[in-house]
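Some notes on the structure that comes next.
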Amino acid sequence: MNTLANDSRVFKIDPSISVQSVRFRNRFGIVLAGHLYLPKDFDDKQAYPAIVISGPFGAVKEQSSGLYAQTLAQRGFVTLAFDQSFTGESSGEVRNVASPDVFTEDFSAAVDFVGLQKFVDRERIGAIGICGLGSHVLTAASIDKRIKAVATSVMYDMSSSIWDGVGKTMTDENRESLKDYLARRRWIDAENGTFAAGAHEVMFDQNGEVIYMDNLFPDKLPENPNPVLKAFFDYYRGRAYHPRSINSTGAWTSTTPWSYFNFKLEQYIDQISPRPSLIVTGENAHSRYFAEEAYEKLKDPKEIVIVPNADHVDLYDQMDKIPFDKFDEFFKENL
């Protein structure tokens, strides 16, 4: 049964899978919005394994995380796809601000919620983080022992991507320029009493100064675009456009990098062990090195799966490439 009042999911919907709109609080008092998916032939007298899912960074539950949730519900799990604080239908002010601390907490709040459902076995709860939420879910699992198994898909380490640049291209001079830029942006916000939009992963001009952008993606692709930009654009501005998705419609707040400079995600992920970890990435994903670095930090039991001929965005929604059989096997063995 679909109880969503206004169903705006961007993927093919399976009418045999029941989905409910839910709300729950994190420990900061922020009300999070989620979609709770129930397995086919659901029986509320049973105690099911559950998986909480969020991401990509800047996406909403109606996009990739919902597809993952629906597909794993088809395979017998209770699943929860949810919007991070300050985004989508979740509450929290200022809107469109990212916080590594709060986003990490949101996964534990999702565990709270599913663990309170009488049809969920509290000892069999797992978690998946997609894209930038991959580093947050690993960080959550490093402290939250209620997460019995954790997986990522085409993960980013958001602290590294903001501090070092994607591909670790940022120089010491770039970093100082970024700090100067953030200081200027804070004065502008303070003077205006507002919080302006801006890129969280910045670019620099020929003089080494940050280029201010108030949208993550252009309205129209340039000729011969960078293939990574094109893949993101085709997903967020094309086939998976959603009006509540930051990536589809705008940008994070311009001072969002401030938090990630001071909070190093993944610092203690070796302590997830002896609980198991699964790291999934694409052979051709520009983000692949984030997954491989996280895998090296983790202790056994751990596994990395590199999907042949897959780029980063392929693992958002391409059903022939997302290794759902592997996710299914991993969670059934470990929950």
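In case you wondered, yes, glycine gets a Cβ from its N, Cα and C as well.
Unlike curated records, TrEMBL annotations are generated automatically.
What TrEMBL annotates here:
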DOMAIN    29-160  domain 'Xaa-Pro dipeptidyl-peptidase-like'
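Across the domain 'Xaa-Pro dipeptidyl-peptidase-like' (29-160), the prediction's mean pLDDT works out to 98. When the domain 'Xaa-Pro dipeptidyl-peptidase-like' (29-160) is classified with DSSP, helix, strand and coil residues number 41 helix, 36 strand, 55 coil.
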